[in-house]
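Below is one structure, written out as structure tokens; the observations come after it.
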Amino acid sequence: MFYTAFLLNLCVATCFTTAIAANDWIFTFNNTDGELEMGSCTKIVFYTQTNATWENEDLQLQVISSDEDVAYPSRHFFNLPRNNSMPSNSWENSFNLTSEFLGYTKLYFQVVKIENDTMLVLNSSDDHMNIKVIRKPQLIDKIFVVSVAVLMSIIFINLGCAIDVEQLKQSVRKPIAPAVSFFAQFLILPILSFFYAKLIFPNSVSMQLGLFFTGISPGGGASSVWSLLLDGNINLSIVLTTIGTLESFIMIPFWIVFLGKRIFSVGEMPVPYSRIGSSIIALIIPLCIGYCIQRFMPRVSRVMTRILKPLSSCLIIFIIIFATVTNLYLFKIFSWKIILAGAVIPWTGYLIGLISSTLACLPRPDIISMTVESGIQNTGIAIFMLKFSLGQPAADITTVIPVAVALMTPIPLLMAFIFKKCFGKKDGVVNTQDPATESMLDRREAPSAINSENENKQA
């Protein structure tokens, strides 16, 4: 008797489940465009059609938003008829969708049955509506985009004017330091950035892209300033920055194609190859213009280098500050994960540069410059690439990562500088291991040697 009842219940449950199978339900929307402005409220009308039949069942249709922090429906449940004996029935319903913040979400449906305060999910439909919430375009956004393009062009024209071909040839003859820098900056750090992005932001494709794009960017112009403050090899720092920037024109597209497309595919976003290529070309053109100025107008090149070289770091800082002010609303999503992402990229870079340069048995000033160069990312290039390569709202959301990286980058360097001032060598003690210092000492000693030689001739 018990066995018969068990089989009867199993049969009823199986029949009921079959009656509301996924292919028996079709959901369609009147809104084909799922792009909403932040803070807006939009009416969504949807139509439900089913071939299933049931009797004396309290069924409900549940509307679910995959991320209610982005957008949420005004109603989550809609009652279905208690009896449905006619196949191919359809119903029309509507709800208001409120867009809360930038991002992506999906609306989908499932048929549920509530019994004794317990909700049983009987069917989950594959039909869904993609929603993306963007910001209303403002004048300050256009000013910011134009400012980033102009300032990055000025920086790269300056870099083209400052390229020293002889130093580049010398680095090719003795490629130990550039090779170690390439290993740390463009091989190890991009791979770690990809895994950091997956580990810290497993459910946010936009944040993964922001962290990954920052990790594949070359060293920043501020590395020369910190190398000088920490008694590093300033000449080596300038050479590494120049070589790293030239290498980035090849390595950035390489890593986007090799690893970046894996992030794009998870978010069902096409890889914007044409936009990325246009961004790279937009950086190469001013670099070539600067080099032509150096070749054919050397006097103008010297003036530009003298004036603009100290301003390169200031321009990058200005871009970061402008990005922060323009996107102040993004601080709403600032969390410990954002801070961790901002710290893990540069601090890991410092560690990789320190270990690799130490294993290469480089002099102490070179180790300092290598460490600084590996950790400081050119967040200006990262913001430029993200703004011009991605569509909205990803271009806005991803900006928060390079801004966080720029904020967290100087902390270890500032601590090292304070330690150096408190416990380092006394003022007046010259680091003779620095090649720049040795050449300066040679120039200082040269007049005294000439004077002594003249005195010997007179005697």
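Cβ coordinates come from backbone N, Cα and C, glycine included.
From a predicted model like this one, the values you see are computed outputs, not experimental measurements.
Here TrEMBL gives transmembrane segment for one range in the set 104-124, 209-229: that range is 209-229. Among the listed stretches 209-229, 236-256, 276-293, 338-362, the one sharing the most Cβ pairs under 8 Å with the transmembrane segment (397-419) is 338-362.
The stretches the transmembrane segment (236-256) and the transmembrane segment (338-362) are not in mutual contact, being linked by fewer than three Cβ pairs under 8 Å (pairs 6 or more apart in sequence). Using a cut-off of 8 Å between Cβ atoms, the transmembrane segment (209-229) and the transmembrane segment (175-197) share at least three residue pairs, counting only pairs 6 or more apart in sequence.
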